[in-house]
Amino acid sequence: KDIPRCELVKILRRHGFEGFVGKTVANWVCLVKHESGYRTTAFNNNGPNSRDYGIFQINSKYWCNDGKTRGSKNACNINCSKLRDDNIADDIQCAKKIAREARGLTPWVAWKKYCQGKDLSSYVRGC
């Protein structure tokens, strides 16, 4: 399903994302918009080596197990298919782990390209 922007803002605030790894909720909303278009079912194939799953586009090489990524680290200890359902609680735990280990949002290419260093106030405006 699509998670409406302001609902996502509420969910992220409730889960302590404001100020987490020094980033605002607006940064995360921008990341989600450009990674998955707010879709919980988002899927992206990166060729033979890995795939990205769910609203945060979590990668199968390092973070989740999809049964077809050779040498997957599965650092979030989760089946990738669980990252494409409507329950995003587990996605949130994994995304926080990724951000914590990176001390920021640099693992997400879309964040670096579209969000880093930009005015992101519009992502939370009116919520």
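Numbers here mean position along the shown chain, with the first residue as 1.
Cβ coordinates are placed from backbone N, Cα and C, and glycine is handled just like the others.
Bear in mind that the values here come from a model prediction, so they are computed numbers and not experimental data.
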Disulphide partner cysteine [Swiss-Prot] for Cys76, chosen from Cys94, Cys115:
Cys94
Please name the cysteine among Cys80, Cys115 that Swiss-Prot pairs with Cys30 through a disulfide bond.
Cys115
Judged by the number of other CB atoms within 10 angstroms, which among Cys64, Cys76 is the least packed of the disulfide-bonded residues?
Cys76
Please tell me which one of the recorded positions listed here (Cys30, Glu35, Cys115, Cys127) sits closest to Asp85 (Ca(2+) binding site), measuring Cα to Cα?
Glu35
Would you mind pulling the DSSP three-state label for Cys76 (disulfide bond)?
coil
